[in-house]
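Q: Structure in structure tokens, see below.
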Amino acid sequence: SSSQEMTNVTAVREFRLLGFRSNPQCQILLFLVFLVIYILTILGNIIIISVVTLEPRLHSPMYKFLSNLSFLEVCYITTIVPKMLANLLAKRKSISFSGCMAQLYYFVSLGATECYLLAVMAYDRYLAVCEPLHYSVAMTAESYTRLAVGSWVTGVFTGFLPCLMVSRLHFCSYNLIDHFFCDISPLLKLSCSDTTFTETVIFILSLLVLSSCFLLTLVSYLLIILSILKIPSASGKRTTFSTCSSHLMVVTIYYGTMISMYVRPTYNLSSELNKAVSVLYTVITPLLNPVIYSLRNTAFKKAWEKIVVRH
């Protein structure tokens, strides 16, 4: 029977998440800090989605992509933070085997979707700045939908392979994960199988996804910057650059941390440093997105003021 096989494959029914090693007072402080960040992130991203939906002038592809990104950030941070908050207060910081695999799957697929969306948004900005006359022809409602749906669907499929491979590994009696969520590298360290093949496949996949999206995004921005430098007026340069610089900031923070984490075949970072870097892209980036995009964007601020006044 399959349950019999499962018992042979994994003696581990649940994992214990070590989380952040610190005294109880510190745990409560961390709980409060992360809770506030979580609430602000959810609120900030819901505000973006609402403003884009309610304001007809923001129904352009750029803002529709932005509300996609905001929805993604809400899902992404919810995959990690609620369980982390519960564990910060719990005596027994555990997660079931299936819960752990589910968290890993959502984390990987949403992370990949974010890469695709950021690349698509950079392409959208490239068309708007460098090919303004072709923009309305190239970025129709149909092509926007194709790009957005494509990003989500590809992301959903990207998560399958790493998750399947990790779930097929043997986990013997030792079940302490030295992390605050079920991430790939702590699980690979924990397995008593030979993880060389799994590590190689995941490394190649991460490299393909991250580097291709990063390169697309980078090339789009280089072309945008070159195009901006050709604008004769200083104020013209400023306006165009301010719309793109915010996106560039998000992209730099996100890829910087992601690449440092996943695109290295040997996982030799100290676990505490590992956790600190992970906090950047699992907790901080989802909060920064709404802040950077909405505060740096005049059209968005005007729409927000209009809605607030209206109600």
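The backbone N, Cα and C atoms fix where each Cβ goes, and this holds for glycine too.
Unlike curated records, TrEMBL annotations are generated automatically.
According to TrEMBL, the protein carries these features:
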type	residues	note
TRANSMEM	28-49	transmembrane segment
DOMAIN	44-293	domain 'G-protein coupled receptors family 1 profile'
TRANSMEM	69-90	transmembrane segment
TRANSMEM	143-164	transmembrane segment
TRANSMEM	200-229	transmembrane segment
TRANSMEM	241-263	transmembrane segment
TRANSMEM	275-295	transmembrane segment
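Give me the structural setting of these features: burial, nearby parts and distances.
A: Residues 20, 22, 66-67, 70-71, 73-74, 77-78, 81-82, 84-85, 88-89, 283-284, 286-287, 289-291, 293-294, 300, 304 of the same chain lie 6+ residues outside the transmembrane segment (28-49) yet bring a C-beta within less than 8 angstroms of a C-beta in it.
Beyond the transmembrane segment (143-164), the same-chain residues lying 6 or more positions past its ends with a Cβ under 8 Å from any Cβ of the stretch are 61, 64-65, 68, 101, 104-106, 108-110, 112-114, 116-117, 120, 123-124, 184, 201-202, 205, 209.
Nonlocal intrachain contacts for the transmembrane segment (241-263), taken as residues 6+ away from its ends with a CB within less than 8 angstroms of a stretch CB, comprise 111, 114-115, 118, 121-122, 125, 129, 184-185, 202-203, 206-207, 210-211, 214, 217, 221, 224-225, 228, 269, 274, 277-278, 280-281, 284-285, 288-289, 292-293, 296-297.
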